[in-house]
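Take a look at the structure below.
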Amino acid sequence: MADFDDRVSDEEKVRIAAKFITHAPPGEFNEVFNDVRLLLNNDNLLREGAAHAFALYNMDQFTPVKIEGYEDQVLITEHGDLGNSRFLDPRNKISFKFDHLRKEASDPQPEEVDGGLKSWRESCDSALRAYVKDHYSNGFCTVYAKTIDGQQTIIACIESHQFQPKNFWNGRWRSEWKFTITPPTAQVVGVLKIQVHYYEDGNVQLVSHKDVQDSLTVSNEAQTAKEFIKIIENAENEYQTAISENYQTMSDTTFKALRRQLPVTRTKIDWNKILSYKIGKEMQNA
């Protein structure tokens, strides 16, 4: 280990550690962080050098956070990043400090949001909240309104997760949707991501994403929001159905082709009988 430490610079160690952290499966950040911490054996170097990786992970994963005094959780995303570890909660019109390691919010302050797009953002937010409530048992969403390159833009982010460490699996759904307010029609651009990790007696990960494009009729705020949500619903239903069908096909064909159902002898092994033989033999020898 000493030779390894001598050969690898602190900069390279931090780069490797950051790589592990940013690729941590959903719901397993703490486990990966603790393992990396043991390997690096230098807390100051890890906290200072890999702090950017903590932030990247939380923004990429759309980590939801509860702010004390406010009912709804908000997502940590690049679209709400105000710098200096402060993030925007457009629904509650506040900014807050976020600890990327502890995943805790603090110091909420009033913040100007929407950039003159208040009615557009609120219409889309209201419609999206209703959709998420209907389709996700543990879902959260945040809607931003921004002017990007002179274009008035609505950005909608959705996150839903199920963490079941006692059953050896964790999973997260993320989707991001954008459109510019350019009557009479606008292009909707979306990306959908699924990441699931199953690790009982093995290590299997599903990492999937799909890019979506569609056209949207831009009229008044309420009607446009309704059409926007309809596009989201159709695309996400189609994606989920395709994933389910693909895995059923793999289960019926691909996975079965990977191994024999019976060994070469064409006889199933009775493991319980073998175990009883072994125990009996050991008792005789005793």
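Just so you know, glycine gets a Cβ as well, placed from its N, Cα and C.
Listed in Swiss-Prot:
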MOD_RES   Ala2  N-acetylalanine
MOD_RES   Ser9  phosphoserine
MOD_RES   Lys19  N6-acetyllysine
MOD_RES   Lys97  N6-acetyllysine
Those modified residues listed as Lys19, Lys97, and which of them has the most Cβ atoms within 10 Å of its own Cβ: Lys97
Three-state secondary structure, the residue listed as 'phosphoserine' (per DSSP): coil
Cα separation, Lys97 (N6-acetyllysine) to Ser9 (phosphoserine) (Å, whole number): 32
Secondary-structure category, per DSSP, in which Lys97 (N6-acetyllysine) falls: strand
